[in-house]
Amino acid sequence: MTTLPQSTHKKLGLAIDLDICVGCHACVINCKEWNTSNYGAPLSDQDAYGAEPVGTFLNRIHTFEVKAADKPAQTVHFPKSCLHCDDAPCVTVCPTGASYKRVDDGIVLVNESDCIGCGLCAWACPYGARELDAAEGVMKKCTLCVDRIYNENLPEVDREPACVRTCPANARHFGDFADPDSNVSRMSAERGAVPLFPEQGTNPVNRYLPPRPKADIQTDGDIDILAPFLDTGSAGKSGSSTGSTSTSAKGLLGWLDKALEAI
Amino acid sequence: MHPAPSVIVFTALSGLGFGLLAFLGVNVPDVTGMTAFIFFFIAYALAVGGLIASTFHLGNPQRALKAFTQWRTSWLSREGVFAVLSLCVMGIYAACLIFLDLRLPVVGIIGSILSLISVYCTSMIYGQLKTVPRWNQPLTPVLFLVYALTGGALLSGQVYLAAGLMVILAILQYAHWTIGDGRLKAAGGTIEAATGLGHLGKVRLLESPHSGTNYLLREMAHEVGRKHALKLRVIALLCLGVLPCALLLLTAPGHLSALLAIVLHLVGVFAARWLFFAEAEHVQALYYDRHRAA
C-alpha cells in the first residue's frame, strides 16, 4: 500500500559524517557485494569489461570541492544512499503498491514482484537514491540491509548495514532516530546535523553531520608551514634566521649531510 | 529529463484521443451510424494507441494490471483507472449511437467528463513532481487540458473553436516555457542547497561517483535535447498554433485543409512535448553539478 504510515515505531537510519569520510568507496563496494548476492534481484552491470561499463548501485560517493572566498578550498566526500524519508515521495507515486514504508522501523522498501519498472519513483526522489536495474527491469534501492540487521544467523557485530560495517574511517553510523538517546540521535544533536535538501519537503530520516570548521592556517607569506620544525640545531647558536632551512645543517642532519657528502 | 519516445507518443496521442472523445460525448459533431463509427474509431485509436505506447518503457509490462490498485495516492494509477473508465463509458455511448442509432446524453456527458479527468491525471503525473520544478507549476494541468481540447476541436471539425483554442494554446505554451525557465531557481535548485554545504562556500563537483554514466544521468540529466531548444520552441509555436490557425481561417473549409491543419498541429504537439521532457531539469542532477545557470 502506497499510503505512508502516520508514524513509525522506530526510525532506523544512518548518520553520515562528512568530516570523517575519506572517499575510499569501500561502502560502495561492500553495499554492492552484499546486495547483489542476497535479498532481491542482483545489482547487474552492463558492458562490465567493455568500453562503457554501467551498473546498478544503491550507494554512490560524490566528491565536492567547497571554496569560500579568501580561504583554501576544502574537499568533502559525500556518500549518498536512500534517506528513508518520513514523507517519501517515491512511495506515494507508485502505481502498483510495490513501494512502501514499514510501520515498524520506517525502512522504505520495494516489493520487486509487484514492481512494473515504470521509473516514476526514481523521478520523484530528489536524491537520486533509486535506480532501475537494466537486467531485471525492477527498481532497486537501499534496504538498510534489512536482511542483515535482523539476521540471527550472523554474529551480532555484523547486524548492521554493510556500508556501516565496512567503513574503515567510521564515518557511517546506524541507529534509531526515534530514540533521542540513541548513538545517531546524540551524534546528530551534538554536531548540528541537518536534513538533506529540506526545500524538497521529504523529511529524511538519515542525517549528515557537517564538516567541522577547518583551523585557519596563518602563513605570513611563507608558504612552507613546516619550515620552523626543520631547524634541527640548538636554538640561538646558529646565525641563520629561524623559520627557514639553512644551507649548513647541524646535529644529526648535519652529520648525515657530511657523511653523504664524503661518499 | 530523458525524452523517451514512448512517453512523448503516449502523452501526445492519448491527449488528442481523449480530447476528441470529450467532444463526441457531448454530441459534437452530431453524427450517427458509419460516420460516428469513423470518429469514434479515430478517438479510440489515438487514446488506446497512446496508452499502449506508454507500456513500452516499463521494465515489467506483464504486471501492468497491478497499476490500477493504488489510486488513493498515485496519479499514475488514477490515470489508468480513469482512462479505462472513460473508454468503457464512451464505448457504451458509441455502441448505442453507431449500431442502435440511440443517443444516451447522460452517458455521453459522463464519458466526456471522465475523458477530461483522464487528461488531468496524465498531467498530474508530471505536475506533482517537486523534483522537476519546471513541471511542478499550476499551469501544467491547464496546458495539458487545453492541448486535449484543442486537438479535440480540430479533430471534430469545429473550425472556429479550434482556431480560437489554438491561439489560447500558443499563449499558454509560451507562458509555461517562460515561467518554467525560472522554476528551478525559485525552487532553490543549486548544488549548494542540494548538498547543504553552502554555508562553507561555493560548491563544485570534484569527482563523480563513477567514471562512467549511470541510470540516474541517462534518465534525469538529459541535456542533449536542449541544444536546439529555441529553434524548437519557434517551430512548436508556429506548428501547433499559428500556421494551422491561419490555414483554417484563410482557406475554404474542406477535408484537405483540415487534414493539413491536423498534421501541422501534430508536428507542433510533438515538438512541444519533446521540449517538455528535454528541457525539464531534475534536482537530483544537481549532485552531478548539472543545471548551472548559463
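Just so you know, glycine gets a Cβ as well, placed from its N, Cα and C.
Source: prediction; values computed, not measured.
Under the heading transmembrane segment, TrEMBL lists B:7-28 (among others).
Per TrEMBL, the feature transmembrane segment maps to B:34-59 (among others).
Positions annotated as transmembrane segment by TrEMBL: B:80-100 (among others).
Annotated transmembrane segment per TrEMBL: B:106-126 (among others), in sequence order.
As annotated by TrEMBL, transmembrane segment applies to B:138-155 (among others).
According to TrEMBL, the feature transmembrane segment maps to B:230-250 (among others).
For B:256-276 (among others), the entry in TrEMBL reads transmembrane segment. Within its own chain, the transmembrane segment (B:256-276) is flanked in space by residues 3, 8, 11-12, 15-16, 126, 135, 147, 150-151, 154-155, 157, 162, 166, 173, 177, 225, 229, 232-233, 235-241, 243-244, 247-248, which lie at least six positions past its ends and keep a Cβ under 8 Å from the stretch.
Listed stretches B:7-28, B:106-126, B:138-155, B:230-250 were compared with the transmembrane segment (B:80-100); the greatest number of C-beta pairs under 8 angstroms is found for B:106-126.
Against the transmembrane segment (B:106-126), the recorded stretches B:7-28, B:138-155, B:230-250 differ in Cβ pairs under 8 Å, and the greatest number is found for B:7-28. If you look at the transmembrane segment (B:7-28), the same-chain residues 6 or more away from its ends with a CB under 8 A from one of its CBs are 36, 39-40, 42-51, 53-54, 57, 83, 86, 90, 93-94, 103, 105, 108-112, 115-116, 118-119, 122, 144, 147-153, 155-156, 158, 266, 269-270, 273-274, 276-277.
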